[in-house]
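Colleague: From Swiss-Prot, for reference:
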- Tyr18, Cys62, Gln67, Asp99, Leu100, Ser132, Phe133: S-adenosyl-L-homocysteine binding site (BINDING)
- Thr25, Tyr150, His153, Trp154, Phe311: theobromine binding site (BINDING)
- His147: site 'Involved in substrate discrimination' (SITE)
- Asn170, Phe258, Asn259: Mg(2+) binding site (BINDING)
- Asn218: site 'Involved in substrate discrimination' (SITE)
- Tyr262: site 'Involved in substrate discrimination' (SITE)
- Glu322: site 'Involved in substrate discrimination' (SITE)
Amino acid sequence: MEVKDIVFMNKGDGENSYVKSAGLTLKVIAKTQPMVQKAVQSLFKGTHSAPLQVVNVADLGCALGPQPLESMSIVIESIVEKCGELGCEMPEIQFHLNDLAGNDFNTLFKGLSVVQEKYKNVSWFAMGAPGSFHGRLFPRNSMHLVHSCYSVHWLSKAPKITSEEGLPLNKGKIYMSKTSPPAVKEAYLSQFEEDFSSVLRFRSPELAPDGRMVLILNGRQSADPTEKDICYLRDLLAEALSYLVSEGLIDEEKLGSFNVPYYNPSQEEVERVIDKEGSFTTEFSDTVVLEIGGKNAWSDPGLRIKGYRCFSEPVLSHQFGEEVMDKLFDKAEEILAEDYKQGKEATKNISIVVVLKKKTNQTWT
């Protein structure tokens, strides 16, 4: 089964659903709101007539629950504010909510009533756009704004990390760690560069002239891809999985062959791919830090693990079996609680934010 068939957030609105556990992503959206507002408002020129009758907005990897609803609200309010400033007529707004086919679009669409009630006097529309952002999604020159929060760091496939003899090089781990050989780090970076370049290349023909793209990725601050704030929870999950192996609940070979299809880039790595791909000019680029330790709600081990479970469980359950998920995350919470007592836990969440403008006179093949 391909990654595109198993990467989605936990469905529904139950205890472990993404709807109930996406608090961290909402904090990221709030922190990066000014950048999104500026990108939206840059679509309007300083005239007294609206340059656009319809604004087409794509949300890549929108997921479900409060995250896409909050992003939609920010876009609507930014356009309302700019049109009020210019004294121009409000355009209609068409949202294209994109995610893989496994996404719970039913729950997503049920939540739209919140936005409908909030913006009764704004003419806006929403439609689903299932598909992979690693390929084409929309017609040429059709999108004015492409937005993505915490999606494009997902890889199209897990990097192949084996020796020439076919043996796992990252045994006992599910991501890079301090003990991983250089080949593991190189494989992850290479896969990210290939996939992120595809995201840019396929969006370029889809954006209208002077269109903007705002991408928010879960990243890292340092040049070291195994820094603690990035790898901590994945190392913790690997430890919990190893415990289940020792209990005979998981086959050791399954753990040895598993690597998460996810990469946390640095700002420099993101900018390097953008420059090399060549379709966009970078208008803004920054690293945003959120403190998640101390007295923050995320210092509660149970909440922290639920926050991780809501987006990682589908991939993990496909590899190891749905029947062990409760035991896995219970063990992870137990390890995390002990680390909290000893002050070992990671305390920061890092985001990379870029605002890109489509270059003119592009030629596509």
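In case you wondered, yes, glycine gets a Cβ from its N, Cα and C as well.
A description of the local structural setting of each listed feature is requested, covering burial, neighbours and distances.
Modeller: In this structure, Asp99 (S-adenosyl-L-homocysteine binding site) is part of a beta strand by DSSP. Around the Cβ of Asp99 (S-adenosyl-L-homocysteine binding site), a 10 Å sphere holds 26 further Cβ atoms from the protein chains shown.
Of all Cβ atoms in the protein chains displayed, 26 besides its own lie within 10 Å of the Cβ of Thr25 (theobromine binding site). Under the three-state DSSP scheme, Thr25 (theobromine binding site) falls in the helix class.
Listed in sequence order, Val36, Val57, Ala58, Asp59, Leu60, Ser71, Val75, Met213, Val214, Leu215 are the same-chain residues six or more apart from His147 (site 'Involved in substrate discrimination') with CB atoms under 8 A from its CB.
For Phe258 (Mg(2+) binding site), applying a Cβ distance below 8 Å and a minimum sequence separation of six or more within one chain yields Ala158, Ile174, Gln319, Phe320.
If you draw a 10 Å sphere around the CB of Asn218 (site 'Involved in substrate discrimination'), it holds 22 other CB atoms from the protein chains shown.
Residue density at Tyr262 (site 'Involved in substrate discrimination'): 20 other Cβ atoms are found within 10 A of its Cβ, drawing on all protein chains shown.
When secondary structure is read from DSSP and collapsed to three states, Glu322 (site 'Involved in substrate discrimination') falls in the helix class.
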Colleague: Taking the Cβ of Cys62 (S-adenosyl-L-homocysteine binding site) as centre, how many other Cβ atoms lie within 10 Å?
Modeller: 28
Colleague: So, in DSSP terms, is Tyr262 (site 'Involved in substrate discrimination') helix, strand, or coil?
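Modeller: DSSP call for Tyr262 (site 'Involved in substrate discrimination'): strand.
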Colleague: Determine the Cβ neighbour count for Phe133 (S-adenosyl-L-homocysteine binding site): the number of other Cβ atoms within 10 Å of its Cβ.
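Modeller: Its Cβ has 24 other Cβ atoms within 10 Å.
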Colleague: Taking the centroid of the Cβ atoms of Asn170, Phe258, Asn259 as the Mg(2+) site, which other residues of that chain lie with their Cβ within 8 Å of it, listed in sequence order?
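Modeller: For the Mg(2+) site the neighbour list reads Ala158, Ile161, Pro168, Lys173, Ile174, Tyr175, Gly256, Ser257, Val260.
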Colleague: Within the same chain, and leaving aside Thr25, Tyr150, His153, Trp154, Phe311, name every residue whose CB is within 8 angstroms of the centroid of the CB atoms belonging to the recorded theobromine site, in sequence order.
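Modeller: Not counting the recorded site residues, we get Gly61, Ala63, Cys149, Ser151, Asn218, Tyr262.
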Colleague: Since the record lists Gln67, Ser132, Asn170 as binding-site residues, which of them has the fewest other Cβ atoms within 10 Å of its Cβ?
Modeller: Ser132
Colleague: Quick one: what's DSSP say for Cys62 (S-adenosyl-L-homocysteine binding site), helix, strand or coil?
Modeller: coil
